[in-house]
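Annotated in TrEMBL:
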- B:63-253: domain 'ABC transmembrane type-1' (DOMAIN)
- B:58-88: transmembrane segment (TRANSMEM)
- B:100-126: transmembrane segment (TRANSMEM)
- B:132-149: transmembrane segment (TRANSMEM)
- B:189-212: transmembrane segment (TRANSMEM)
- B:234-253: transmembrane segment (TRANSMEM)
Amino acid sequence: MAQVTLSRITKRYPGSETAAVDDVSLTIPKGSFTTLLGPSGCGKSSTLRIVAGLSRPDYGVLQMDGRDITHLSAARRNIGMVFQSLALFPHMTVAENVAFGLEMRGIGRSERETKVARALDIVELGHLAARHPHQLSGGQQQRVALARALVVEPSILILDEPFSALDRKLRETMQIELYRITRDLGITAMFVTHDQEEALTLSDSIVVMNQGRIEQQGTPREIYGAPRTRFTAEFMGLSNFLPARCNNRALSFEGLTTEMPAAFEAEGNCTVALRPEGLSLSSTRPEGAALKGHLAEAIYQGASTSYTLDLPSGRRITARTTDCGLLPGQEAWIAWTPEALHAFAA
Amino acid sequence: MSTYFSLFRRTGTAALFVFLLAPLVAVIIVSVNAGATPKFPPEGFSLRWYGAALANPAFTGSALTSLVLAAVATALGTPLGVAAAFGIARGKLPSSLRGLLEAIFLSPLIVPGIVIGVALLVTLSTAGLRDAWLRLTLGHVLLVMPYVIRTSLAALQSFDPSLEEAAHTLGASRRQILTRVTLPVLRPAIFAGAAFGFIISFDDAAVSIFLIDSSTSTLPLAIMSYMQYNFDPSIAAVSSMLIAITLAGALVIERVFGLKKFLGN
């Protein structure tokens, strides 16, 4: 296992105005599971390919345990990579697929067989060693790809949206499996996804990327609980953005003044966001800070009901809460839990 | 209405099959004719014309020539075709040049064989190449190559590049990636093209007729020349044997690779 450091990595593709990766500096500590999260085209996959050695940066330095590997061939970086398409060798059996990396390292047959058997045990596929990839289910193919990457005892495990082709249920199973395996083996991992739930489930550290740059980096709790920019907030499922002013930690919006939440920093013009799941509605004025609105729409969704409210300013707010019995056309008071209120500059 | 349509469609399909297969069946029936002329219906059953055909050195010698020629042309044309397909699919070329190269390499599929034959005759004679074997080999490599290029190119275009990247990250060198991953994955397509090329070479008359000499002939040409002076069922016997061999070959390909892949899906 190794620590990987990116310093000022920049990559521009020919014919493109903007850089795919723009001055990215980042450390992936030994044994940590770090996820690059962002929409398609944000530079997360380009960054990952640079770390893997499949693409060369135009500028910047890549280090592994302090050693400069910027120009080292991918074949010599000792990485294990799981591809989006899985890239299992179709003409080889499961065991041959897993053994490939060991063979390339010149490891003898008997040691190879022991290691392959152990790797297949870890992913619980020992009984399918003689099959070919096309004879396996999607989830089983996934595990073979993981075993093939793990068997070489890589310095870093790199995963490029490996679960994007799986259905929701299987994806969740594989996420839990990957979490268990990486934590059991203490693996340094770099994971790329556009799915925020997946990132929150798996990661020790999340790096949110936007237009080739790092938007925010932190633990899942920090990223979800205290997004620092509107982009991160939107990407983490926040909505209900309202213009606000902050003056010495007094936060004013929609004619209301309340205290700035401790996790946030802003001064002057800023934006407030109210997490729809943290709102509650009532027909009478609750204690503490609350906004009054006109209930425009109520959509029953089973576990929760989605309410749309018009504020006196004309702005709309969505609240997702348990059914409160209010009907469209009625006036409602909107209150929130302390964690539901977010604020960030501009 | 759908039943009428279905009846119509079935009748049409059956008619088409009869049209395709009836001549072949007729040849086989004629080949077991006991009489001295290829008559239909036959005058009794006999395998004597099979014996006559196999005893005729004009057929056996030219059959051996055709087999060796097809094998040599396939052995030479296949690696050349694969290399050309790699160049077209992977080379750093402007797309217009890529299209031009592909058109040139595949042109023997479109240009009439007789034109290729005449062109080769003129060119090779000018160059002073008069040896029939050398001329036939060159001409037949030209026939085999486009089939290999076409199947290899199709396979390369649908090739998942992350297979090679995966091998690379696992420590494989460029050569190891080619020999252990890329070529094995392309193998069915390459084999399909080579098998097709072999059959085309074995079957060719239009190109070969300009390249043979008095002592070297191929089987299709031997059949043609025999028919000019003789009219007995041994021709039908040779044809029937060819049908049997081709059918056996097709069955082997079907069992090993699946004919669908072979025909380009």
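Glycine too: its Cβ is placed from the backbone N, Cα and C atoms.
Contact between the transmembrane segment (B:100-126) and the transmembrane segment (B:234-253) is not supported: fewer than 3 Cβ pairs lie under 8 Å, counting only residues 6 or more apart in sequence. Within the chain carrying the transmembrane segment (B:189-212), a Cβ under 8 angstroms from the stretch's Cβ atoms is held by residues 66-67, 69-71, 73-74, 77-78, 81-82, 112-114, 116-118, 120-121, 124, 132, 135-136, 139-140, 142-145, 147-152, 154-155, 183, 218-221, 224, 246, 249, 253, 257, 261-264, all 6 or more beyond its ends. Note on the transmembrane segment (B:234-253): residues 24, 27-28, 30-31, 33, 38, 49-50, 52-53, 56, 59, 192, 195, 199, 219, 223, 226-227, 259, 262 of its chain, located 6 or more positions outside it, place their CB under 8 angstroms from a CB of the stretch.
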